[in-house]
Amino acid sequence: MVQTRSSSRASSNPTANGGYANGASTNGVSTFKKSASSLTATSKMKADNLSNGNNLTKRTFSKDQHLTETVNGKANGTAKKAEDETDSCQNEKTHPMVYVVFVSLLLDLLAFTMILPLFPSLLDHYHKNDGPDGLYQRILQIVKYFQNFVGAPDQFNSVLFGGFLGSMFSYLQFVASPVVGGLSDVYGRKAVLVTCLVGIASSYALWAVSHSFLLFVLARFIGGLSKGNVSLSMSIMADVSSNKARGVGMALVGIAFSVGFIVGPVIGAVFSKWAQAQTGAWFVWPAMFALSLSVADILFVAVCFKETLPKEKRATSVASSLSQAASYIFILDLFRFSAVKNLPTKDLKELQRLGVVYFIYLFLYSGLEFTLTFLTHHKFAYTRMQQGWMFFAIGLTMAVLQGSFVRRVPPSRTKSTAVLGLLLIIPSFVCVGLATTSFLLYVGVFLFAVSTSMVVPCMTTLVSRLGADHQKGTVMGIFRSLGALARAAGPIVASCAYWSVGSSTTYLVGGALLTVPWFMLKRSLLE
């Protein structure tokens, strides 16, 4: 517009421009044209300079504005990253099979945990009715030898006996879990899952007719070998969940465990109280109740569960999977995850690190969990009912935290949450070890429950991110197997330490050793 107005002024006043330009010249037309051209060029140059200046100012402002927006964007992105990931996890639709697995696990765990309060009554029954040459008396001699070796009082024979059976059950899980996971990578999740559930139901049916202790132990043996359904459930969660939503599925597994360990023992306690006034084969009724839950679980899975591992994603070699089964009994191969093939070196090292962390954690954790029964009875004179309420509170705390907090943890905070959980269990051991009053004991037990609710689901989520689709079953099976091995050995070692060096030393040393998995996980490269 400056250029247009200048040109207009030059054209509209030719006389003045000509007089100013010519001076005393008599060649007016030529001089006027030159002057008009010069003035127009000068005006155009000024206009261009002004336009360039304006454009430069605009570009500078735009650049500064872009830089400001970029800086602000980065700051806002950093501040809102965790919030956005949390919203993404919550807004992402959860796969229906996640809820099917949750219900299946809940039915299974209700049947599994209801037997726990019945152990003392069952052992009393077989002690009276198994006969002098029965399996009960033979195992009792081993338990008494162990009792004398560690110096445990006679009143804890039933607890040690129950611990022996529990360790056997966990050891069988240690053997079965990776085999079940490997087979599911070949044949699919549903077929193997139903097979496991049928095996569990068979163990309850055998329990219902176990008039001798030998049959009861055989029933537990079959049940332990069939417990690969738990690790298989975690593989299914990994199949159907993205990395962002996987924590929700693993938290639901934790909630199923928590609810199962709250409600199941209550059901068992009712049967236990009823059994005190009964004679004969009273155990048939709780066994049939467990069998009914198991059958309902089979029917539910058969109807509602849809295969989560398509054929194109499965492992192709059955022979290879079966040949790998022999390596599962070698503990070092488990820690090395030798059955997981073609995994990048970095991922394999992180997987091995997580396996060691999980084993040490559960080894020490299960030791405290088992000897807590000794401590509360021996040091605080708790009755069985008070102990039951204590474990009820632990399970309730875990269920609330997993349902409200853990399942909302964004993927970027999964590792840090697990690290925090491992850190919290250290003062838990210290509080329980130094407790001379119920208050300090409650603080330690509360931290114990909080830690458990965070560590197990988050570590399981981290492990589920590693390995190809056709290896998820093997990876989760080995991981679960390491946990079962820890649960098999932890109570035995903790019992020896408890009765040999005392509760305070046992728990304080355990708390100190727990710094090892905390430090290892903290240094992990996983996010």
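A Cβ is built for glycine as well, from the same backbone N, Cα and C atoms used for every other residue.
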For which of the residue intervals 159-179, 327-347 does TrEMBL record transmembrane segment? 159-179
For the transmembrane segment (159-179), out of 248-271, 283-305, 356-376, 388-406, 441-463, most C-beta pairs under 8 A are with 356-376
Cβ contacts the transmembrane segment (356-376)/the transmembrane segment (248-271), at least three under 8 Å, sequence gap 6 or more: no
Listed stretch, out of 248-271, 283-305, 388-406, 418-435, 507-526, that has the most CB pairs under 8 angstroms to the transmembrane segment (441-463): 418-435
Where, among 191-207, 283-305, 418-435, 507-526, do we find the most CB pairs under 8 A to the transmembrane segment (98-119)? 283-305
